[in-house]
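The structure under discussion appears below in the form of structure tokens.
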Amino acid sequence: MTNSPSIHDSYPDDKKVDASYAEYTVKDVSSGDSIRELEGQEVDDLRLVRKLDLHLVPWLALLYLLSFLDRSNIGNANLFGLSQHINLTSTDYATCLSIFFVFYVLCEVPSNMIMKAWRPSMWLPIIMIAWGGVMTGMGFVRNFEGLLIARIFLGATEAGLFPGVSYFLSQWYRRHEIALRIALFFSAATAAGAFGGLLARLINLMDGISGLEGWRWIFILEGIATIIVAFVSFWIMYDYPDTAKFLTEPERRHTVERLHLDNDGCSYEFKMKFVWDAFLDWKVWVNAVMFHGALCPLYTFSLFSPTLVANLGYSAAQAQLMSVPPYVVAAFFTVAAGWLSDRLKMRGVITIAGGAVSSLGYILLLCHINTSVDYFALFLASSGIYPLIPVITAWGSNNAGGSLKKGVATAIIVSLGNCGGIVSSFIYPKEHKPRYILGHAVCLGYCVLTMLTAAIMWWYGVWANKKKVERNEARGRPWTAEEKKALEDEGDNVDWFFYTI
């Protein structure tokens, strides 16, 4: 690390090698350099990252595709008669939607702590088997109470996947690489929105088979698919770079080293101090509020977009098809935002821009000009809000110093964010059709909240980085490896750790 880094570059100098890695020569091709040599073997950094992408991201995206399908397919099932067949009132249905998020939120932090202490390759498949079993069982519920209990267990068992994978990726990629990978992983959610409607329509054709309604088959078949993929995951998934069998020994050591440099000397140990550091850090909670502001509109869109499209005059089957294009466009912008955010090494501007686009969509929905404009507004709403999730997740992870604090902070941010799902379940009651003014207004307010909190975090990051630069300049010499080691428990408070803005 140089004495006076730019406040616009929150990342360590890759060419500065810690004394404990003195036997290596490090050069990063992504920064314009070429290779790293180890015992006569060359490791191309860019090729290594692509290898990580190939072995990690596609399978993780598949897991999240199934997760999002399983939590949101209740909206598709409802279009095909769920509420009518088990006699749900509007309040009953909203309660079943919201109870999922209550237990989802409660179980996220404990799940990440278990995964940190254990092994991702074991923990994630186990929770998948659990929620796949719950999802399959939902196909046999007969009343409100049965559906409510199933949604409780679904929330508790699904809770560990998104924060777990977000933390898992941070243990493989550097800070300015993580947003794109989370975006690729999270784009599975938009694919689930597009694919889920088509799949639900096809599965509903099984209506009457074995005496079961079509909506029951949606739950049963998607649950079975999750269980199958979960068992395969025991052989497909990896834990951490130092044990990854798909990497050569030089690649493993290089991956560990590049993460060590990017971590700015923060601790990797499991100490309860780092748990409390995460809970007591105000920045974590501001990021959590920001994430909450983004997730409420996102969940309303995933749960109610078929209903909103049907409200434009389409049949249930047509609404499933017409809800696909907004998701496809949102998937493109999700990946583009992740790439741009990493490329610029900036999160705040991207977050504010996404919030503004989504706000415009909800303003148009509130104005209710005509059917065509309303449908276009759904594109704006989804294209603005979906890209925010990977960017905000990466932002919170980037600014938490230390492995355990990063894991707990990520879980806190995702937990509070998912409280937005509780709110989203109640703001689009069918009694408010066709305008749904309350729902659109609440989503607009949440978009504004996201932009305001992003502006606060951007301003603080610029200010704090400037102060750290000034203190480093006054110090007059670089930090040694011994000094960094002595202060490694201080996390992101140390003067050589610069915040992502």
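Glycine too: its Cβ is placed from the backbone N, Cα and C atoms.
Automated prediction, rather than curation, is the source of TrEMBL annotations.
The domain 'Major facilitator superfamily (MFS) profile' annotation in TrEMBL covers 56-466. Computed over the domain 'Major facilitator superfamily (MFS) profile' (56-466), the whole-number mean pLDDT of the model equals 89.
Same-chain residues lying 6+ beyond the ends of the transmembrane segment (89-109) with a Cβ under 8 Å from its Cβ atoms: 71, 74, 78, 82-83, 144, 147-148, 151-160, 163, 299, 303, 408, 411-412, 414-416, 418-422, 424-426, 429-431. Positions annotated as transmembrane segment by TrEMBL: 89-109 (among others).
As annotated by TrEMBL, transmembrane segment applies to 121-141 (among others).
As annotated by TrEMBL, transmembrane segment applies to 147-170 (among others). Distant neighbours of the transmembrane segment (147-170): 56, 60, 63-64, 67, 70-71, 74, 86, 88, 95-97, 99-109, 111-112, 114-116, 120, 123-124, 127-128, 130-131, 134-135, 137-138, 141, 178, 181-182, 185, 393, 397, 406-407, 410-411, 414-415; these residues of the same chain sit at least 6 beyond its ends, with a Cβ under 8 Å from one of its Cβ atoms.
Per TrEMBL, transmembrane segment is recorded for 182-203 (among others).
The transmembrane segment feature in TrEMBL is assigned to 215-238 (among others).
For 284-304 (among others), the entry in TrEMBL reads transmembrane segment.
Taken from TrEMBL, the feature transmembrane segment covers 324-341 (among others).
Note on the transmembrane segment (375-396): residues 166, 175, 178-180, 182-183, 185-186, 189-190, 193, 284, 287-288, 290-291, 294-295, 297-298, 301, 305, 308-309, 312, 322, 325-327, 329-331, 333-334, 336-338, 341-342, 347-348, 350-351, 354-362, 364-365, 409-410, 413-414, 417, 443, 447, 450, 454, 457, 500 of its chain, located 6 or more positions outside it, place their CB under 8 angstroms from a CB of the stretch. The transmembrane segment annotation in TrEMBL covers 375-396 (among others).
Using a Cβ-Cβ cut-off under 8 Å and counting only residues 6 or more beyond its ends in the same chain, the transmembrane segment (408-429) has close neighbours at 90, 94-95, 97-98, 100-102, 104-106, 108-109, 111-113, 162-163, 166-167, 170, 274-275, 278-279, 281, 284-285, 287-289, 291-300, 303-304, 307-308, 392-393, 396-397, 400, 436, 438-439, 442-443, 446. Sequence annotations record features per position, and here TrEMBL assigns transmembrane segment to 408-429 (among others).
Sequence-distant contacts of the transmembrane segment (435-461) (same chain, at least 6 residues past either end, Cβ-Cβ under 8 Å): 10, 283, 286-287, 289-290, 292-294, 296-297, 300, 304, 308, 311, 347-349, 351-352, 355-356, 358-359, 362-363, 365-366, 368, 381, 384-385, 388, 392, 395, 399, 420, 423, 427-428, 499-501. The transmembrane segment feature in TrEMBL is assigned to 435-461 (among others).
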